[in-house]
Amino acid sequence: MGLVDVQENGNGNGDVIEIPLGAKNKYIRMTSEEEEEEEEGFATRKHDSKKYIFACAVFASLNSVLLGYDVGVMSGAIIFIQGDLKITEVQQEVLVGILSIISLLGSLAGGKTSDWIGRKWTIGLAALIFQTGGAIMTLAPSFKVLMIGRLIAGVGIGFGVMIAPVYIAEISPAIARGSLTSFPEIFINFGILLGYISNYAFSKLPAHLNWRIMLGVGLIPSVVIAVALFIIPESPRWLVVQNRIEEAKLVLSKISESEKDAEEKLQEIQKAAGSGNADKYETKAVWKEILYPSPPVRRMLITGCGIQCFQQITGIDTTVYYSPTIFKNAGITGNSELLAATVAVGFTKTVFILIAILLIDKLGRKPLLYVSTIGMTISLFSLSFALAFLSHAKIGIALAILAVCGNVASFSVGLGPICWVLSSEIFPLRLRAQASALGAVGSRVSSGAISMSFLSVTKAITVAGTFFVFGVISCSAVAFVHYCVPETKGKSLEEIEVLFQNVGESQESEVEMGDVEHLMQKS
């Protein structure tokens, strides 16, 4: 009688039937070998899929280096452009801020474009447009030509900042989506740091040459992106919407831990996509749903677009673009000293974004947002105090540098990366590209408006007064996080969609489910 027969039949009296010890040992030994082989295969595939997804996230984020580099390098290059091309203060404001304003065209067009040609090729298009604009800026003989190049580069950046988080969110597993979708923000910070270093490295060259080299170095990442397009796959969710099911299966098999997992994900995506009906996603229908939203979609839009706006209206871009101006106001003199201080800011920003990546999927989005917005509020008020009452004193200079570093550190540990994570994961598949584009537009418009008006506002209410206003806005951001941002850690994109259907009910059901699981574990 076999082992199964003995267990099922017994002797009818509930007595235990003994099994020879040798047979038992032999049975367990064979099972252990099979299990070990199966576990090894599973572990290998899991490791390979993680490496593949990581590589895709890195390549998709390279456009963000372009944005970060431009932001960082322009803070120093503008000093030399002003001297070489003899531009006015108003022209200086326009040159710095117009990139963010014009990038909204790229972000708006990016939603439709990514639904039309795919997420992957939209990434390539963004790099091509930026490279064209960057080349024109590098060779510009006048302010007018420089502006034309900057406008073209801005459109490319608009495409890039919108599409990278969407693409990464659609290929990432729920357990690591927060960290991976933060990669664009890491690369923005890395680009800013490179821009600051470039300022410092080339600042001693002749004034007609140094700023051109500073801008020209920013074209290098575009070449890498061209190569990356032949490595990264298309988004499986976009492929499903286009009824390209077999291609979606192939991609899912590469990014999933097992064939069973890939099949389950495919079914889940097909269900969310409305059985893969591409006709359902006509632009008019999508925009109608965004402009006349249902309550769940309204909550999504408030969360996604609101967090994007708060990311910028708290003044982070002015801190980065105009950090030499801030430090000069604090009492630091000399271009080399000013640019060296900005390198410290860039280094701080980069280090803390790396800390955020380690914590975002462990602690969750909301706790980090609280730490971030509260830390920014304290730093902004401290900077205002230092500039107002301790300007040109050693302790004032030290406090100003500490406050600026504290502001960018707080931003980078929460509001910076999580803004893009939330805006790419909270919208349903049918709205994701267009709604994310709308959120990116809010971010770019806010950034441009703040950057273009900074110098004029500081003349009216002083630099200290301006940062006091940013501190007040940051207080409002704390309240926004508390009331409008739900926790999405560990949930699939399809589960997050359900979360917004009814916030109260969803939270209650999560608690009940947690209680049931707890009781089951106890029993």
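Along the chain as shown, the residues are counted starting at 1.
Just so you know, glycine gets a Cβ as well, placed from its N, Cα and C.
Record features, source TrEMBL:
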COILED    245-272  coiled coil
DOMAIN    56-489  domain 'Major facilitator superfamily (MFS) profile'
TRANSMEM  52-81  transmembrane segment
TRANSMEM  93-109  transmembrane segment
TRANSMEM  121-140  transmembrane segment
TRANSMEM  147-168  transmembrane segment
TRANSMEM  174-197  transmembrane segment
TRANSMEM  209-232  transmembrane segment
TRANSMEM  338-360  transmembrane segment
TRANSMEM  367-389  transmembrane segment
TRANSMEM  395-423  transmembrane segment
TRANSMEM  461-485  transmembrane segment
Any contact, the transmembrane segment (52-81) to the transmembrane segment (395-423), with at least 3 Cβ pairs under 8 A: no
Averaged over the domain 'Major facilitator superfamily (MFS) profile' (56-489), what pLDDT does the prediction give? 86
Are there residues at least 6 beyond the ends of the transmembrane segment (121-140) whose Cβ is under 8 Å from a Cβ of it, and what are they? 60, 62-63, 66, 106, 110, 113-114, 146, 148-160, 163-164, 167, 212, 215-216, 218-219, 221-222, 225-226, 229, 232
If one takes Cβ-Cβ under 8 Å and requires six or more residues beyond its ends, the residues near the transmembrane segment (174-197) are 50, 53-54, 57-58, 60-76, 161, 164-165, 168, 214, 217-218, 221, 320, 339, 342-343, 345-347, 349-350, 353-354, 356-358, 360-361, 365, 412, 416-421, 424-425, 488-493, 495
At a C-beta cut-off of under 8 Å, are there same-chain residues at least 6 beyond the transmembrane segment (209-232) that contact it? List them, or none. 55-56, 59-60, 62-63, 65-66, 69-70, 73, 76-77, 80-81, 84, 120-121, 123-124, 127-128, 130-131, 134-135, 137-139, 191, 194-195, 198-199, 202-203
Is the transmembrane segment (338-360) close to the transmembrane segment (395-423), in the sense of at least 3 CB pairs under 8 angstroms with a sequence gap of 6 or more? yes
Stretch among 93-109, 338-360, 367-389, 461-485 sharing the most Cβ pairs under 8 Å with the transmembrane segment (147-168): 93-109
Within the same chain, where does the coiled coil (245-272) have neighbours whose Cβ lies under 8 angstroms from its own Cβ atoms, ignoring anything closer than 6 residues to its ends? I mean 6 or more beyond. 42, 45-46, 49, 52-53, 56, 171, 173, 233-237, 239, 428-429, 492-494, 497
What same-chain residues lie close to the transmembrane segment (367-389): Cβ under 8 Å, and 6 or more beyond its ends? 310, 314-315, 326, 329-330, 356, 359-360, 396, 399-400, 402-404, 406-407, 409-411, 413-416, 418, 462-465, 467-468, 470-471, 474-475, 477-478, 481-482, 485
Distal contacts, the transmembrane segment (338-360) - CB-CB under 8 A, six or more residues away: 72, 75-76, 178-179, 182-183, 185-186, 189-190, 192-193, 195-197, 199-200, 203, 319-320, 323-324, 327-328, 332, 368, 401, 404-405, 408-414, 416-418, 421, 489
